[in-house]
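Visitor: Pulled from Swiss-Prot, these are the listed features:
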- 1-16: signal peptide (SIGNAL)
- Lys23: N6-palmitoyl lysine (LIPID)
- Lys26: N6-palmitoyl lysine (LIPID)
- Cys42-Cys139: disulfide bond (DISULFID)
- Tyr43, Gly45, Gly47, Asp64: Ca(2+) binding site (BINDING)
- Cys44-Cys60: disulfide bond (DISULFID)
- Cys59-Cys111: disulfide bond (DISULFID)
- His63: active site (ACT_SITE)
- Cys65-Cys139: disulfide bond (DISULFID)
- Cys66-Cys104: disulfide bond (DISULFID)
- Cys73-Cys97: disulfide bond (DISULFID)
- Cys91-Cys102: disulfide bond (DISULFID)
- Asp105: active site (ACT_SITE)
Amino acid sequence: MRTLWIMAVLLLGVEGNLFQFEKLIKKMTGKSGMLWYSAYGCYCGWGGQGRPKDATDRCCFVHDCCYGKVTGCNPKMDIYTYSVENGNIVCGGTNPCKKQICECDRAAAICFRDNLKTYDSKTYWKYPKKNCKEESEPC
């Protein structure tokens, strides 16, 4: 619970990418990104290690890898341009770096939506990082 409170406080002042990512997750899944994905498995939330535990956790692994490939801007803070057209997220703007951040977030939000049935809160919500010791696979 303390972790959620800290994250909520941190997000209050955020107007950049993490806030936008939360909106995209909500739009695609109907779920709160902070409440559903901030402390799930080995990769959802801050940092990540080991092997993804299920398809939902793999969405976070792929998202982390995607952010790792972004250069020239800050994936967690920079604001990007997007719209939602007929239920689809469309990344816009002319800045290629910010567009890449948007595409990372878009892909993750869609992945969460497509894998809602794999979400296992009883097993993987607040999953102890000490159980994420397997060797990580490459991005």
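Every residue gets a Cβ built from N, Cα and C, even glycine.
For each listed feature, how buried is it and what is near it?
Guide: Around the Cβ of Lys23 (N6-palmitoyl lysine), the number of neighbouring Cβ atoms within 10 Å comes to 16.
In the three-state DSSP classification, Lys26 (N6-palmitoyl lysine) falls within a helix. Lys26 (N6-palmitoyl lysine): 15 other CB atoms within 10 A of its CB, across all protein chains.
A simple way to gauge crowding: the CB of Cys42 (disulfide bond) has 26 other CB atoms within 10 angstroms, across all the protein chains here.
Sequence-distant neighbours of Gly47 (Ca(2+) binding site) (same chain, six or more apart, CB under 8 Å from its CB) are Lys129, listed in sequence order. Secondary structure at Gly47 (Ca(2+) binding site), taken from DSSP and collapsed to helix, strand or coil, is coil.
Cβ neighbours of Cys44 (disulfide bond) (same chain, under 8 Å, six or more residues apart in sequence): Tyr37, Ser38, Thr56, Asp57, Cys59, Cys60.
Counting every protein chain shown, the number of other Cβ atoms lying within 10 Å of the Cβ of Cys59 (disulfide bond) is 27.
Taking all protein chains in view, 23 other C-beta atoms sit within 10 angstroms of the C-beta of His63 (active site).
Counted within 10 Å of its Cβ, the other Cβ atoms near Cys65 (disulfide bond) come to 15, all protein chains included.
Taken residue by residue with DSSP, Cys66 (disulfide bond) is part of a helix. Sequence-distant contacts (6 or more apart, same chain, Cβ under 8 Å) of Cys66 (disulfide bond) comprise Glu103, Cys104, Ala107, Ala108.
Long-range Cβ proximity for Cys73 (disulfide bond), meaning a same-chain Cβ under 8 A and a gap of 6 or more residues, is found for Asn95, Cys97, Lys98, Ile101.
Taking a C-beta cut-off of under 8 Å and a sequence gap of six or more, Cys91 (disulfide bond) has these contacts in its own chain: Tyr80, Thr81, Tyr82, Lys99, Cys102, Glu103, Arg106.
DSSP assigns Asp105 (active site) to a helix.
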Visitor: In Å, rounded, how far does the Cα of Cys42 (disulfide bond) sit from the Cα of Asp105 (active site)?
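Guide: Cys42 (disulfide bond) and Asp105 (active site) have their Cα atoms 18 Å apart.
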Visitor: What's the most sparsely packed of the disulfide-bonded residues Cys60, Cys97, Cys102, Cys104, counting other C-beta atoms within 10 A?
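Guide: Relative to the other disulfide-bonded residues in Cys60, Cys97, Cys102, Cys104, Cys97 has the fewest Cβ atoms within 10 Å.
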Visitor: Beyond the listed site residues Tyr43, Gly45, Gly47, Asp64, identify every same-chain residue whose Cβ lies within 8 Å of the center of their Cβ atoms for the Ca(2+) site.
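Guide: Those within range, site residues removed, are Cys42, Cys44, Trp46, Gly48, Gln49, Cys60, Phe61.
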